[in-house]
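Student: Once you've had a glance at the structure underneath, I'll fire off some questions.
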Amino acid sequence: MREIVHLQTGQCGNQIGAAFWQNISGEHGLDSNGVYNGTSELQLERMSVYFNEASGNKYVPRAVLVDLEPGTMDAVRAGPFGQLFRPDNFVFGQSGAGNNWAKGHYTEGAELVDQVLDVVRREAEGCDCLQGFQITHSLGGGTGAGMGTLLISKIREEFPDRMMATFSVVPSPKVSDTVVEPYNATLSVHQLVENSDETFCIDNEALYDICMRTLKLSNPSYGDLNHLVSAVMSGVTTCLRFPGQLNSDLRKLAVNMVPFPRLHFFMVGFAPLTSRGAHSFRAVSVPELTQQMFDPKNMMAASDFRNGRYLTCSAIFRGKVAMKDVEDQMRNVQNKNSSYFVEWIPNNVQTALCSIPPRGLKMSSTFVGNATAIQELFKRVGEQFTAMFRRKAFLHWYTGEGMDEMEFTEAESNMNDLVSEYQQYQDAGVDEEEEEYEEEAPLEEEV
């Protein structure tokens with residue numbers, strides 16, 4: 001039944017991944033050892049999308065955990081859901097990539113990649129009808145960015161017709177981990193543009209803002225941030241894991257969301273936002289969800305869609321929701337804010353419904369938007385990249401691993417192209433093409 005194989009690479013990827021598995025295990029009624037003790041048949045119906053059934057009523061995630069150093073893996077293994085994963089699926093090196101993209105992509109990571117692909121192959125063979133892969137990683141580091149993109153391109157070679165979704169944590173302007181983030185991110189985007197089918201952009205700063213502003217947490221931990229990300233990941237995949245009236249899968253999402261193959265970088269949001277351990281003290285309605293979902297403060301990437309326009313967007317509602325309410329609200333949003341949607345894609349808002357809400361909520365909604373404003377994110381990284389690359393700062397770390405300066409130049413221009421493509425479609429109107437032909441016609445007569 002349409003399985004998904006999940007990979008998590010690097011420290012960030014493994015921590016987000018661990019939060020995700022903890023989240024969906026709970027939704028499917030699995031305890032921390034993967035034993036089912038749920039209450040509803042619906043939890044079992046499509047368990048096989050993410051879990052293999054082992055002996056003794058135990059379910060094992062189809063997850064491959066990858067890192068170039070053992071530290072994070074040990075933390076996951078010692079964590080509350082560490083016993084869930086298949087021990088053979090932990091693949092790790094000893095040396096670490098040291099936040100160096102070249103180490104992850106060309107040297108250290110390349111040595112480990114065949115081992116990882118063996119595990120991926122084994123997981124894929126255990127599938128009935130594999131739908132695709134999802135990978136969680138960050139773009140600012142060495143392993144998640146360098147080795148993550150290497151894995152994506154290798155998997156692409158071997159499974160060219162399967163979907164490839166990535167949950168990518170983009171370096172944020174204020175919360176910076178290392179000085180070479182702009183290099184790593186630009187080199188990664190260069191890969192993602194070519195090899196991923198859908199990339200959900202998440203950014204730590206936006207997550208911090210949500211924690212401080214909406215959830216009123218004075219000092220958010222990474223645990224809180226990962227909790228938010230796992231809510232979105234669970235929402236995006238909810239249609240695959242539970243029956244619903246209007247189901248969508250990774251491929252349907254891509255068909256509806258990606259008007260031009262290179263423009264597959266999405267902004268995500270989730271509503272209602274509740275802080276961990278404190279469930280909302282009031283009922284949530286569809287209009288309220290819709291309003292919160294389209295609120296720029298709710299986006300998990302630091303770019304404001306009001307500076308651009310939506311090409312397409314998709315809303316996934318969960319819980320006991322009337323189809324009509326949802327349709328009305330969505331139409332309402334489009335009519336009131338028509339200037340924020342490009343007019344040359346009619347019906348560019350897609351909705352999906354699933355009857356099972358997340359734990360502890362009556363209803364929830366997940367938002368996925370393909371907005372031209374995402375270019376702000378790439379612009380920001382691009383400016384930082386240029387500032388350093390102009391001086392050739394820190395380049396020796398990369399050339400020392402066998403990279404060429406040419407690769408940096410290519411990655412930079414590819415990212416700049418991406419930005420200008422977004423800009424071009426933001427400015428495009430409905431009848432521009434016709435005008436062009438009218439202007440060209442008289443020229444031929446003069447000749």
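Heads up, the Cβ atoms here are built off N, Cα and C, so glycines get one too.
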Student: Same GTP site as Glu69, Ser138, Gly142, Thr143, Gly144, Asn204, Asn226 according to Swiss-Prot: which of Gln11, Gln43, Gln115?
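Tutor: Only hit among Gln11, Gln43, Gln115 in Swiss-Prot's GTP site, alongside Glu69, Ser138, Gly142, Thr143, Gly144, Asn204, Asn226: Gln11.
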Student: Check Ser138 (GTP binding site) against DSSP and tell me helix, strand or coil, would you?
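Tutor: SS state of Ser138 (GTP binding site) = strand.
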Student: Under 8 Å between C-beta atoms and at least six apart in sequence, can you list the same-chain neighbours of Ser138 (GTP binding site), or say none if there are none?
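Tutor: Ser138 (GTP binding site) has long-range Cβ partners Gly10, Gln11, Cys12, Gly13, Gly144, Ala145, Ser168, Val169, Val170, Pro171.
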Student: Where among the binding-site residues Gly142, Gly144 do you find the Cβ with the fewest other Cβ atoms within 10 Å?
Tutor: Gly142
Student: May I ask which residues of the same chain, at least 6 positions away in sequence, place their Cβ under 8 angstroms from the Cβ of Asn226 (GTP binding site)?
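Tutor: Listed in sequence order, they are Gln15, Ile16, Ala18, Ala19.
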Student: Measure the Cβ-based neighbour count of Asn204 (GTP binding site), defined as the other Cβ atoms within 10 Å of its Cβ.
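Tutor: I count 25 other Cβ atoms within 10 Å of it.
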Student: Measuring CB to CB from Glu69 (GTP binding site), give everything in the same chain under 8 Å that is also at least six residues away in sequence.
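Tutor: Looking at Cβ-Cβ distances below 8 Å from Glu69 (GTP binding site), excluding near sequence neighbours, one finds Phe92, Gly93, Gln94, Ser95, Gly96, Ala97, Thr143.
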Student: Hey, what's the widest CA-to-CA gap across Gln11, Glu69, Ser138, Gly142, Thr143, Gly144, Asn204, Asn226, the GTP contacts in the record, in Å?
Tutor: 23
